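The feature ATP binding site is assigned by Swiss-Prot to Gly119, Ser120, Asn121, Gly122, Lys123, Thr124, Thr125, with sequence analysis given as support.
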Amino acid sequence: MKVIDQFKNKKVLVLGLAKSGESAARLLDKLGAIVTVNDGKPFEDNPAAQSLLEEGIKVITGGHPLELLDEEFALMVKNPGIPYNNPMIEKALAKGIPVLTEVELAYLISEAPIIGITGSNGKTTTTTMIGEVLTAAGQHGLLSGNIGYPASQVAQIASDKDTLVMELSSFQLMGVQEFHPEIAVITNLMPTHIDYHGSFSEYVAAKWNIQNKMTAADFLVLNFNQDLAKDLTSKTEATVVPFSTLEKVDGAYLEDGQLYFRGEVVMAANEIGVPGSHNVENALATIAVAKLRDVDNQTIKETLSAFGGVKHRLQFVDDIKGVKFYNDSKSTNILATQKALSGFDNSKVVLIAGGLDRGNEFDELVPDITGLKKMVILGQSAERVKRAADKAGVAYVEATDIADATRKAYELATQGDVVLLSPANASWDMYANFEVRGDLFIDTVAELKE
């Protein structure tokens, strides 16, 4: 870890705990800052706040009092999930207090080079693929960021012999200033999180922050399946390395079932260890990064062939009497579910879908669900999903929760079928996050097997 003194004796407010806030508070304290933590959860239900207080860090819980900002803070580090229209953040910005996310702290202290991965879908799988390929090549890829390991925590233990492979959300990237990866990947850009950002253009602008400090010596890996990505190439100083499944590009591409990098075959598409056209895109992005880091083709091929996927991302759960169960709880938008379905024969799929109602209609999903064996529909968005099923001519049943949906899907399936949880919706109408939803699916499958 680089020892920096820019925060020494500076008053810093950490707004919101969870993993990233707790990690940021500890790091800032270690760097000599005068830290105050403010979290909305009551103290008695807040183990993180209790632990920080025991370590001598000032903690204010149970709400976000605006008068707290009457103190002269030099900096605010916010939890990425807290939107910028939060009154505390608005007041801080009005007072001229810089507002960062914990990712910026990670960059400032990291001795390791950084590879940053963002995008609407495929971030976690691509991040994991890259980490595994680099580690197999002896470059020790350390996963961090939105993948569940706080970036500032991992950066503290990383040396210059490691590589920080960092998954980055749009929420995190809104709060960076000096952040400078040597390689950045944008997997794709689709209209998501509009409720947070206000518009698609603002969402894209947040993602685009990943390359703000990059130079011609750095590499920006972009998905040339999208015209938007092509249009953005003129707006960066970085050297663009494209990938595509639709055309031959000066980077990584699919041609005649083979994955190439700049004219050289790396492996066959059907050798990738996880199904789906979206995973071909993820593998191509990984190949581009790996080749930029001088990884040999055999290591790439062996690692991606053995890749078993990521929990909650088209994760194979079990096989019960010839019925295969896949957990794709991370599919919180329509595009992710479309890509999940592309890896299967619809006539053998019982799809579990529905969740938080964000006002979306699901007409885009109609061609993708046409021909499904059955659907099991649940959640706030059930009426909208049912309308799409009716348009597609797919029979469905309704369920009260994930456990009920899983049991009903199994009843509808026969030997050779697939039960696929790919909700096309966020989980927050019923569950704290997609992980909880996916874990309940896994638990119910285990019960069905008993």
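Heads up, the Cβ atoms here are built off N, Cα and C, so glycines get one too.
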Hey, does DSSP put Thr124 (ATP binding site) in a helix, a strand, or just coil?
helix
Write out, in the order they occur in the sequence, the residues of the chain not among Gly119, Ser120, Asn121, Gly122, Lys123, Thr124, Thr125 that have a C-beta within 8 Å of the mean position of the C-beta atoms of the recorded ATP site.
Ile117, Thr126, Thr187, Asn188, Asn282
Taking the Cβ of Asn121 (ATP binding site) as the centre, how many other Cβ atoms fall within a 10 Å radius?
26
Look up Gly119 (ATP binding site) in the DSSP assignment and reduce it to helix, strand or coil.
coil
